[in-house]
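Before I ask anything, here is the structure I am working with.
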Amino acid sequence: MGQTVTTPLSLTLDHWKDVERTAHNQSVDVKKRRWVTFCSVEWPTFNVGWPQDGTFNRDIITQVKIKVFSPGPHGHPDQVPYIVTWEALAFDPPPWVKPFVHPKPPLPPSAPSLLPEPPLSTSPRSSLYPALTPSLGAKPKPQVLPDSGGPLIDLLTEDPPPYRDPGPPPSDRDRDDGEAAPAGEAPDPSPMASRLRGRRELPVADSTTSQAFPLRSGGNGQLQYWPFSSSDLYNWKNNNPSFSEDPGKLTALIESVLLTHQPTWDDCQQLLGTLLTGEEKQRVLLEARKAVRGEDGRPTQLPNEINDAFPLERPDWDYNTQRGRNHLVLYRQLLLAGLQNAGRSPTNLAKVKGITQGPNESPSAFLERLKEAYRRYTPYDPEDPGQETNVSMSFIWQSAPDIGRKLERLEDLKSKTLGDLVREAEKIFNKRETPEEREERIKRETEEKEERRRAEDEQKEKERDRRRHREMSKLLATVVSGQKQDRQGGERRRPQLDKDQCAYCKEKGHWAKDCPKKPRGPRGPRPQTSLLALDD
């Protein structure tokens, strides 16, 4: 009384800081919302026994990891960081995980036992809850779901569901098994108590095979039914985007619900009415009816065949019969096809070109968004080998600037596959500088730039001073030379004559008064110099 059941998923959310630290030690980054989505929605659809509440069973984790790391289109590269972190928590458990990690169970016996196993006291959704010791006077809680190991049904195959036909009478061995069962065992609930589920006899499973399936059937093989709970419908509607906003994500959710819950025709209508608008539902139903194929394997236009495979009115299908179950399987397949076809938008390459890598987005996550845009806005399949070149070019051109520049400079770029480009982009992304390193680099570059600017200013000032000094020197030199010339001109004297040299003709042998070259005409009267008297 008063104790709340702790699941592996809730435990990791309560210790999220430790989970992030473990992911950091694995050189990956995880987000809480995607952690919950992968654990409770994605991984249970892998059909390896992963419960919705999570598990620390190493064998189940290994099986999920194999699915995630599958090559080609069947792999899930965006889920790699999450399963790697979960594996690290299971194989190197911190103190808060150790109570949930059980030792390996002993090897199964060589022959199956005729006595049934006693019911477990834990919840059937997950076998990894902490052991709680009940009080002596407490009554054991009845199990809501009977224990069963029936396999999940693959809706994408044409094989009939693994329901056991209740019609034939039990064999002698079945009677012996029935006699060996406890006499006080209560019969299974009515057919309206469980989701559609059958059970086939399986050999004793080894320790690596999980028996934790979400859907079960009664021990007598009678199909049981549970309608959707209002809380499930509410959570699915409020925790996912609308079909018009993100048809791929909502289609994946409905596909996982169809695979795990195997709803009836009424359940499908309730699911569509809750998750889709009226217009979206009509579009999905129309596309689903277009996908009905005739006997020749081609889409048919015959109304009777379309209404028989995908009726719009409530059909009379009994899920307790093989024929009714086959109708439901085909109906769910057509419904998935209708969701996928209705989710395709008109061709708009501008939308694809608008998908660019975020500053802190990994190349793998960016590639997934790019492929989703191709599926949604173009008629091309990005997984088609013929479209690999287009997707590769979009990946290079729309990557972050630093990654795109380095990818464009790769040697022999034409021979690189999309996987090679993603690996190179991951290397570049992981070698990026941290925000602290970037801040330090910007600070250092700013200081260097300021230092260069100061040095340039000082050099310019020195050059200006040198030019000014040179001009001043020229000016002073001009002034000094002019003064020297003036001084030399003022001190100029007549050239000296020899004793017998004529001052007029510069010839020797006579003086100027006797110079023959000097004109001898009468001299004119000298002009008298008028002197001014004081009276004047």
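Along the chain as shown, residues are numbered 1 onward.
The backbone N, Cα and C atoms fix where each Cβ goes, and this holds for glycine too.
So Swiss-Prot lists these for the protein:
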COMPBIAS  432-464  compositional bias 'Basic and acidic residues'
COMPBIAS  484-517  compositional bias 'Basic and acidic residues'
LIPID     GLY2  N-myristoyl glycine
MOD_RES   SER190  phosphoserine
REGION    112-196  region 'Disordered'
REGION    202-221  region 'Disordered'
REGION    343-391  region 'Interaction with host PIAS4'
REGION    428-433  region 'Interaction with host UBE2I'
REGION    432-536  region 'Disordered'
MOTIF     128-132  motif 'LYPX(n)L motif'
MOTIF     160-163  motif 'PPXY motif'
ZN_FING   500-517  zinc finger
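Can you walk me through where each of these features ends up in the structure?
Counted with DSSP, the compositional bias 'Basic and acidic residues' (432-464) comes out as 30 helix, 0 strand, 3 coil.
Sequence-remote contacts of a segment are chain residues at least 6 beyond its ends whose Cβ falls under 8 Å from one of its Cβ atoms, and for the region 'Interaction with host UBE2I' (428-433) they are 27, 362-363, 402-403, 406-407, 441.
This prediction places the mean pLDDT of the motif 'PPXY motif' (160-163) at 43.
A Cβ distance under 8 Å defines the sequence-distant neighbours of the zinc finger (500-517), meaning residues of its chain 6+ beyond its ends; there are none.
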I'd like the per-state residue tally for the zinc finger (500-517) from DSSP, helix first, then strand, then coil.
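Result for the zinc finger (500-517), in helix, strand, coil order: 3 helix, 2 strand, 13 coil.
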I'd like the per-state residue tally for the region 'Interaction with host PIAS4' (343-391) from DSSP, helix first, then strand, then coil.
27 helix, 0 strand, 22 coil
